[in-house]
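Quick look at what TrEMBL lists:
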TRANSMEM  12-31  transmembrane segment
DOMAIN    42-146  domain 'FAD-binding FR-type'
BINDING   96, 97, 112, 114, 121, 122, 163  FAD binding site
């Protein structure tokens, strides 16, 4: 009887060990078989526009499909990609953009675009319809993001400059192990010009102890020439923030 019980315990131990090995193997394959990013840093690749959502008279969200439902874009946090199109006279134009999605959004990526009346690439986006294709190349950029690399990020964005800030913010807040605090100042001409406001406000509500946003409008704080980045750099230098403590996208 004692021998039979010992045999049963041994068999159970072997079964548990096999389950553990199986789980470890599955995790290993998940890590090693993580889908390769679709972007190519040297060559443009085309992606289909599967949904266009107009957010205002000059702002729209463009959703592009990746090759398969399991594909990831492969864009490092804080970096951008080049989009190629044609302007109003048919000439080729290339401009950098940052998606509002992350690689955790599999199978697609999204761009929120403000289309300016005289913008060359704005014309291309304004003319785009579902079923059209966009040529994209990347990733590009000098920013290297690592969780908890700093205690806090102070962010200053104006207009469409919110997109890389939003991308970094999402990456931080959606990682439970990343404790980085974020303080965002976001400037626009009018209230209606505030891009991604609903998404930003939702993040501020869900993470009130980690993310603070301050909206600034022209009617309250005047701004103008010289360009915003140059002006903000001068003010931050006066406040004691060295060039090593600042990053310009």
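Placed from the backbone N, Cα and C atoms, the Cβ positions cover glycine too.
Features recorded in TrEMBL, as mapped to the structure shown.
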residue	record	CB count, 10 Å
96	FAD binding site	16
97	FAD binding site	21
112	FAD binding site	22
114	FAD binding site	18
121	FAD binding site	20
122	FAD binding site	20
163	FAD binding site	22
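Predicted-model confidence for the domain 'FAD-binding FR-type' (42-146) is 95, expressed as mean pLDDT. The residues near the FAD site, meaning same-chain residues not in 96, 97, 112, 114, 121, 122, 163 whose C-beta sits within 8 angstroms of the mean position of the site's C-beta atoms, are 83, 95, 111, 113, 125, 160, in sequence order. Binding-site extent for FAD: residues 96, 97, 112, 114, 121, 122, 163, maximum pairwise Cα distance 17 Å (rounded to the nearest whole number).
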